[in-house]
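Heads up, the thing below is written out as structure tokens.
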Ligand SMILES: C[S@@+](CC[C@H](N)C(=O)[O-])C[C@H]1O[C@@H](n2cnc3c(N)ncnc32)[C@H](O)[C@@H]1O
């Protein structure tokens, strides 16, 4: 059948794709479904269905109450709503599907909570706070949701909101009172501000203090907004994507379908680890032939609650009902899209999806001794090691071409500083074999357990070609070059290979360790792989991570907001625009190795206490021997759309080796590099997963208006005993001749 989405697909059955959970909602439904009706909906292919908590009887009762109260002129006291009666609802504890609620939230939430309901979809506000005259309404709405979360202690509240307010398409509901009506002149603006609906959500969740039981059901419009709004919603806790028939277009075969932008949006959103469910609204099946449950229970019998048996009997299906449910074209189309989803790659299946937005404390390989299994995880990513091997190969080739001297008569002396279980040692030996340049390899490691492993590797794999040394690299005197029976003499190293990099480059103290071993490097021709590394950052909106960090702090981790977390950032919105001179990702600072001799001489002088007055010693009270590794940056990010940030995403790049011979037509020398920057990783080290980004959280989310500048100041602070980061973000907006300022300051120790 052409374009009917029934066909078999030829995909590989082993491919695993994101699964679509598709439910059904009927906006005209006023009663809980009977078992038969429920079965019918499930039989037509839906996985779940919504039910109202209360019925029209309840709604009419409330409207009447409001109207009576308004007629009592001068009355400023709210009418008292009597409790829900059996006539007000067809939801009983044995029915437990999710549902829409209307007015009088607390009563309904409380009752639903009693019935065992776990998810309640609450219609969102019909106007947004940024629309004139609506601010108070949103505040009240948010306050009501906050209270409902307290009352419904086990339910998730899911606020149904449009992605943006499509002009003329907003639902028109009968207002409860005259004061709820909006004057026409407030609705007639021709300008479309697409962020107003998100603004309302932001107010609601802020009032609810980022409660982790608060979610969004996002109504998808027929015309999608710009990508920045799509990504803003992507970063929010999405529970449902709701689609009405009006969202779909009709294809040539007369069947509902979605255009390319919609397909791309679904593709993006469905890569989330906790992907949203689909809710198809008002697409059938028709269930009118089944008598409504309400008709079987006398709405006036408010004094007598039916027994569970009576209620169950009243909702039994009619025995004569044999109507077969038809094919649902909307559902079939979504199933078709499900089959079109890209299968997960090996990398996504095994690593990336599991780690999405999962906060990890950064490793401290200098102060802690890593376990074998941690090394095994490192070794699972070949990309990093391939890049190192290429860098060593290039260095050896050029060593030979430039006829550089070697520190040993046996060949180029390579020391792998911080060898772990030895993967870089293996790569160094391979590079020597590939290039034919002889090498003498030393493996230096301070972890006593990894040292045992290295000794075994040397016996079993490297054929005794490596000298293994157990020491802190900063205390190593260099390769022993004297014969066993002569007084000990130390030689130099030609190529110092290390991998001490953290997610922000320098955060695992690579600069401090490499400074400490630099004295073994051959002074004139010795090189370091890596030769330099840089830290980069971008301000981000990550409401879920903010809630996670907040919960950790409330759970007793008092340093949760002072910790830079390692995390595979995924559900995030990069709020900064890409504009000339102010990129989305900006360079914070750089480290280079080896350091110039003059710097090393100053460090030595300070350490020996030889610098007195004028420049010696740090403000922190030490001798200042590590002051040269302090850094500071002040960066300006431009934000076109308004939003909120929850922290800074940190990345790094490293130059492993830069050619000393070749130059391209623009005078640049070819480099072997690593990068974790989202816009560079594919070019420099595709598929590398050894490092996830780092997240520097803010203690309070920082809201900024449209056309703002975010100014980020960060420090790498150091005294003689430790290294730490401090960070601060300010938002500026130019208002005629005035400057509006918000500020945040955070630090880590
Ligand atoms: C990130 S791991 C890398 C290990 C290995 N090169 C790899 O790629 O699998 C860093 C290693 O450096 C070692 N290390 C860190 N600081 C050191 C120091 N000051 N002296 C010696 N080893 C050190 C750690 O014990 C750890 O084995």
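Cβ coordinates come from backbone N, Cα and C, glycine included.
TrEMBL annotations: computationally assigned, not manually curated.
Bear in mind that the values here come from a model prediction, so they are computed numbers and not experimental data.
Per TrEMBL, the features are as follows:
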ACT_SITE  499  active site, proton donor/acceptor
ACT_SITE  508  active site, proton donor/acceptor
BINDING   375, 384, 385, 445, 472, 473  S-adenosyl-L-methionine binding site
DOMAIN    45-339  domain 'PRMT5 TIM barrel'
DOMAIN    353-529  domain 'PRMT5 arginine-N-methyltransferase'
DOMAIN    532-742  domain 'PRMT5 oligomerisation'
SITE      378  site 'Critical for specifying symmetric addition of methyl groups'
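A C-beta separation below 8 Å, combined with a sequence spacing of at least six in one chain, links residue 378 (site 'Critical for specifying symmetric addition of methyl groups') to 384, 420, 423, 690. Of the listed recorded positions, namely 445, 472, 499, 508, the sparsest CB environment within 10 A is found at 472. In this record, S-adenosyl-L-methionine is bound by 375, 384, 385, 445, 472, 473; the longest C-alpha to C-alpha distance in that set is 24 Å.
Mean per-residue pLDDT, taken over the domain 'PRMT5 oligomerisation' (532-742), amounts to 90. Residue environment of residue 375 (S-adenosyl-L-methionine binding site) contains 18 other Cβ atoms, counted within 10 Å of its Cβ in all protein chains.
A distance of 15 Å separates the Cα atom of residue 508 (active site, proton donor/acceptor) from that of residue 445 (S-adenosyl-L-methionine binding site). Remark: residue 385 (S-adenosyl-L-methionine binding site) has 379, 423, 424, 427 as non-local neighbours, by Cβ distance under 8 Å and separation of at least 6 in sequence. Taking a Cβ cut-off of under 6 Å from any atom of ligand 1, the recorded positions 378, 445, 472, 473, 499, 508 reduce to 378, 445, 472, 473, 499. According to DSSP, residue 375 (S-adenosyl-L-methionine binding site) is assigned to a helical segment.
Geometry remark: residue 473 (S-adenosyl-L-methionine binding site) versus residue 499 (active site, proton donor/acceptor), CA distance 13 Å.
The distance from the Cα of residue 472 (S-adenosyl-L-methionine binding site) to the Cα of residue 499 (active site, proton donor/acceptor) comes to 15 Å. Look at residue 445 (S-adenosyl-L-methionine binding site): DSSP puts it in a strand.
Taking the Cα atom of each, residue 445 (S-adenosyl-L-methionine binding site) and residue 499 (active site, proton donor/acceptor) are about 12 angstrom apart.
Every protein chain shown contributes to the tally, and the Cβ of residue 384 (S-adenosyl-L-methionine binding site) ends up with 23 other Cβ atoms within 10 Å. The Cβ of residue 473 (S-adenosyl-L-methionine binding site) has 23 other Cβ atoms within 10 Å, all protein chains considered. Cα of residue 499 (active site, proton donor/acceptor) to Cα of residue 375 (S-adenosyl-L-methionine binding site): a span of 12 Å.
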